[in-house]
Every structure is written in C-alpha cells, then in structure tokens.
Amino acid sequence: MRGAGPSPRQSPRTLRPDPGPAMSFFRRKVKGKEQEKTSDVKSIKASISVHSPQKSTKNHALLEAAGPSHVAINAISANMDSFSSSRTATLKKQPSHMEAAHFGDLGRSCLDYQTQETKSSLSKTLEQVLHDTIVLPYFIQFMELRRMEHLVKFWLEAESFHSTTWSRIRAHSLNTVKQSSLAEPVSPSKKHETTASFLTDSLDKRLEDSGSAQLFMTHSEGIDLNNRTNSTQNHLLLSQECDSAHSLRLEMARAGTHQVSMETQESSSTLTVASRNSPASPLKELSGKLMKSIEQDAVNTFTKYISPDAAKPIPITEAMRNDIIARICGEDGQVDPNCFVLAQSIVFSAMEQEHFSEFLRSHHFCKYQIEVLTSGTVYLADILFCESALFYFSEYMEKEDAVNILQFWLAADNFQSQLAAKKGQYDGQEAQNDAMILYDKYFSLQATHPLGFDDVVRLEIESNICREGGPLPNCFTTPLRQAWTTMEKVFLPGFLSSNLYYKYLNDLIHSVRGDEFLGGNVSLTAPGSVGPPDESHPGSSDSSASQSSVKKASIKILKNFDEAIIVDAASLDPESLYQRTYAGKMTFGRVSDLGQFIRESEPEPDVRKSKGSMFSQAMKKWVQGNTDEAQEELAWKIAKMIVSDIMQQAQYDQPLEKSTKL
C-alpha cells in the first residue's frame with residue numbers, strides 16, 4: 001500500500017535510487033551502523049550520518065546529481081563518519097553529576113528518560129495511527145466495516161504524493177543545475193555517460209515499482225500517448241489551456257522517447273549525433289521523467305478519489321475540487337505538491353470526529369492492544385500513559401507497598417507538564433506552593449510518605465523550589481528519573497508476570513469475543529434487511545457459512561491463546577461465584593419476614609431421587625439419627641418462638657410509651 005511507509009526489511013541498496021520518503025527510514029536504519037566503514041562505493045553513498053546535517057545534504061545531492069568523482073565521495077564520507085563517531089562518543093559520555101553516587105535508594109537514573117517516552121503504544125491519536133504500520137491495518141479493517149476505507153486510503157496516498165513530489169522536484173532542480181554545468185563546451189567524457197545512464201536505469205526501476213512507469217514507453221508503444229492523454233484530460237474536466245499544456249509536455253516526452261530509442265540504433269541522423277555528443281541529454285531526459293511521474297501520480301489520485309464520477313469520492317465541495325484541478329494543471333505547467341493538502345485536512349477531520357472514537361472502543365483496537373501486550377516488548381511508558389493499563393499497574397504497586405512511588409511520579413510529572421504548558425506565564429508563588437506540597441509529602445525530613453531520596457537530591461529540590469521567581473518546569477527532573485528507573489527495573493518485570501497483568505489480558509480478550517459475537521450477528525443480518533423478507537439469494541447461504549466459519553476460527557484462536565497464558569478465572573472473575581459446581585439449582589421463591597426462603601414451586605416428583613423403600617429409610621434414621629431437614633425444621637420453630645416472644649414484649653411496652661408522650 002502506498003503511504004504506509006517502506007517495509008522494515010528493505011535493504012539500503014534497494015532504497016538508494018529513491019531519495020524520497022524512504023530517506024527518513026533509511027537514516028534510522030543506518031544510525032546503528034555509523035561505526036562501520038566499507039570500501040564499496042555504493043555502501044559509502046548510502047551511509048549517511050544522522051549527526052551531521054551538512055553531510056546528509058551533501059550525500060543527498062550526490063545521490064541525485066551523481067558527481068563524477070567517486071574517490072572524493074569516499075574521502076568525504078570516511079572523514080565525516082569518523083567525525084560523527086567521535087562526536088557521538090562525546091555525547092554518550094556520562095556527565096559527572098550523573099554518577100551512581102548521586103542517586104539515593106531508588107537506584108540509578110535512566111539517561112534515556114526523554115520526551116519520546118511520553119507516548120504509549122496502547123493509546124494512540126489518529127495521527128499516530130496513520131503513521132504506525134502495526135495499528136494501521138486494524139484501523140483500515142474497522143473502516144472497511146463502515147464502508148469508509150476510501151478516506152484512509154486517500155489520506156495515505158496524498159501523504160505519499162506530497163513527500164515524493166517534493167523529493168522529485170529537488171531531484172529535478174539538481175539535475176537542471178547539473179545540466180547547465182555540463183552544457184559548457186567540454187570534451188565528452190565516458191564517465192559522464194556511464195553515470196547518467198546508471199541514474200536513468202535506477203529511476204526507471206524505481207518508477208516501475210511505484211506504478212508510474214507506464215508513461216515512459218518505447219517507440220512502438222508511443223503511438224497511444226495522445227489517446228491516453230485525451231482520456232485523462234476528459235476525465236479531469238480540465239480547461240482548454242490545461243489541454244494544450246498537457247499535450248505540449250507529452251510531445252516533449254515522446255521526443256525524449258524517440259531520442260532514447262534511436263540512440264541504440266546505428267543511424268547517422270542529426271538527433272543521434274547530438275545525443276551522443278552532448279552529455280547533458282540523459283540528465284535532461286531524467287528530469288523529464290521525474291516531472292512526468294509527478295503529473296501521473298496526481299492524475300491517478302484525482303481519478304480515484306476526487307473526480308465526480310469516482311467510485312467512492314471523498315466529501316469535498318465543488319469549489320475545492322476546482323481548486324485541486326487548478327493546482328494540478330498550473331499556469332507554469334508544473335503540478336503543485338500541496339494540491340491535496342486541503343482535502344487531506346477535510347478527510348482527517350471527518351475521520352477524527354466521526355470514526356476514530358468508535359475505533360478506540362472497538363474490538364479492532366483491543367486486538368491491537370493484545371498484540372502489543374503479548375509481543376514481549378512492553379515498556380514502562382506503554383503502561384504509565386495508558387489509563388486502562390495504569391489501573392492494573394497501580395493495583396500491583398499497591399500490593400507491593402510501592403504505590404507511593406507511582407503516585408509521586410504521576411503528581412510530579414503532572415506538575416511539570418502544567419508549568420511547561422504555560423510557557424513561563426505562570427504565578428511563581430502559586431507554583432512554589434504547589435511544589436512545596438510535593439516536597440512536604442515525599443522529600444522533607446518529616447515527610448508523610450518518604451521515598452528514600454538521599455540528602456543530595458533533597459537539597460537539589462530545595463534549591464529548585466526556593467529560587468527567585470518560582471520553580472522551573474524541570475525542578476523535579478532528578479527524582480522523576482530515579483522513580484522511573486525504579487519502576488522500570490524493579491516493578492515492571494514483576495507486573496508483566498503477575499496475575500493482574502493476565503487479568504488485564506483476559507479482560508481484553510473477553511471484550512474482543514463479545515464484540516465479535518455482536519458484530520458477527522449484525523453483519524449477518526444487515527444484508528438481509530435490504531431486500532424483502534421472503535426473497536432468497538443463492539449465494540447467501542455460502543457467504544453466511546463462510547462468515548460463521550471465519551468467526552469460529554478467530555474465536556478458537558483466542559480460546560487457545562487464553563489457555564496458553566493459564567489464567568485462573570476462579571481467582572480473577574467475581575462472576576465465577578455464581579458458577580460453582582456445588583451450588584444448587586436456582587428456584588423461584590420468596591423470603592419471609594423471618595428471613596426464611598420459601599419455595600413457590602416444588603420440583604416435579606420424578607425429578608427427585610429415589611430415597612429407597614420405607615424399611616431402608618427407617619434403618620437410615622435409626623443409624624444416622626435425625627436428618628438435616630428435621631434439624632433445620634426444629635431450628636426454625638425455635639427461632640419463631642424467640643421472635644414471637646420479643647414481639648409480644650414490644651407490644652406490651654408500647655402503651656406506656658404513648659402515655660408518656662401524652
């Protein structure tokens with residue numbers, strides 16, 4: 001799917017010809033390998049250091065323009081790799097104030113406690129869902145059930161078009177500069193021709209993968225260019241000026257195609273001679289292909305989602321549609337990369353307001369949460385920034401007598417977040433009073449809930465709170481780091497193997513089962529409500545059978561998963577009290593004034609078990625004595641006598657109370 005991002009298993013060599021949306025992922029992948037140095041030219045081109053923006057820009061330009069000197073590229077890359085490695089080692093060096101002796105009983109601080117850890121994988125925003133390849137398929141499935149999947153797909157394709165278009169425009173600009181430099185009267189170089197042909201082949205391969213290679217046809221296929229251009233223009237309802245611009249650009253493309261095909265033949269035409277003698281010709285053809293791919297992608301997106309005769313058009317106005325047409329067919333003949341940005345914002349708002357809240361409550365999101373919780377890589381941030389998971393974690397911390405650590409972290413983090421949100425525009429005295437509440441509770445020598453911080457941390461907090469102008473938003477950073485590290489290293493592993501964690505999983509699984517049963521019934525009955533009740537469809541039985549089999553298979557998978565984690569439902573589910581094996585059958589009855597349950601309907605005679613003959617019953621009574629029923633009956637008689645005696649005494653004392661009141 002376009003827009004979902006490149007696959008994590010793609011190698012850097014396959015991503016190298018494309019300088020567009022894969023570059024950000026490529027930089028992340030190369031970050032862990034910045035220490036390695038190879039002699040391969042392609043590997044050195046791909047190894048872009050994330051610590052040096054100048055190096056990243058330069059290598060990006062080299063990838064697009066393909067400079068002639070590979071030796072210079074090797075030298076520059078090696079030097080900047082060594083510089084980045086030394087700078088990274090300096091940054092990773094632990095400062096003097098972060099030594100182990102600085103921290104108290106809560107353990108050593110976590111140096112990775114940064115802003116990126118304030119996000120939980122279990123609670124997502126719509127923007128995070130659209131950029132996360134794990135939860136995005138669940139959201140698409142949810143939208144497919146609502147027949148609104150075209151909104152998600154349009155947003156993804158428009159986002160991909162926006163990023164790739166800017167990268168292609170940058171490549172076009174670099175090739176234009178390179179073409180102007182090569183246009184000077186210099187003797188042709190074989191090295192230039194090899195480099196340009198390599199870039200042309202690489203671009204052709206990338207455009208074939210993205211579905212845009214249909215514009216770059218051979219001479220035999222170039223006959224249908226005018227027909228396809230006319231159909232595209234009619235479908236887009238473009239103006240006459242736009243038609244002329246399209247035809248002009250396509251004629252240029254056909255001329256470039258003729259030029260490429262004729263270069264392979266042994267002819268003496270003027271076009272062939274000019275192509276062989278000018279090293280700028282392949283770069284000019286490359287730039288033309290880049291701009292053609294932008295135009296074709298814009299046309300495809302418009303045809304699928306914005307055109308009036310699209311299968312599932314997005315909800316936009318006619319004025320917005322005309323604006324998009326004007327941006328695609330600009331006066332200068334270029335496509336605006338931001339032509340779909342406004343439509344993206346409309347679609348994003350529609351998904352957020354009408355569908356996303358329901359998705360968070362659906363079993364699709366529960367399935368995603370189960371996948372995260374069972375992946376084996378659950379972090380503390382996933383628990384602390386998710387309300388449902390934080391509830392179970394707080395119960396676990398309370399059982400471990402460490403809930404004060406969690407409460408301090410929540411209170412201090414909330415305090416710092418509120419101060420940071422005000423951006424310095426807050427009352428210093430009020431902030432100091434709030435900070436003193438936390439200090440008196442957790443840090444002072446007379447603290448009500450001491451956490452074990454040492455004197456160094458306590459003095460640091462005192463100086464941060466009592467500063468002139470009030471405390472800063474980072475006044476509790478050091479104890480927050482210690483509390484975070486303690487919960488992460490000491491309590492999180494125990495929580496992930498506790499019964500409360502399995503109860504959390506069990507609740508999610510039960511919610512998925514219930515929603516699947518309800519959703520399955522609705523999906524099976526909804527198609528039948530469209531037509532008359534007596535109308536039968538030949539394929540309805542097959543579809544219902546397939547849907548029921550799929551539902552049973554999914555439930556079986558969840559059942560096996562439930563058994564695999566070994567959840568003791570008797571100790572976790574309160575409803576199990578009503579499912580005891582030794583509990584008697586439920587019967588109708590009433591409770592008397594004395595608290596005795598009196599049955600209103602006795603079981604049928606044949607249901608009662610045979611107690612044997614009269615002789616056997618007499619022998620049992622003689623051997624065992626009175627039965628339980630007889631003893632219970634005698635106890636009720638005694639209770640009635642006691643209650644009646646008390647009632648008589650109360651009625652006897654009642655006239656005296658009335659006389660005293662009078």
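Note that Cβ sites are derived from N, Cα and C of the backbone, with glycine treated the same way.
Considering S7, S11, S52, the record held by Swiss-Prot lists S52, annotated as phosphoserine. Looking up S189, S536, S544 in Swiss-Prot shows the phosphoserine annotation sitting on S189. Comparing S187, S281 with the features listed in Swiss-Prot, the residue bearing the annotation phosphoserine is S281. Mean model confidence for the domain 'RGS 2' (379-505) is a pLDDT of 90.
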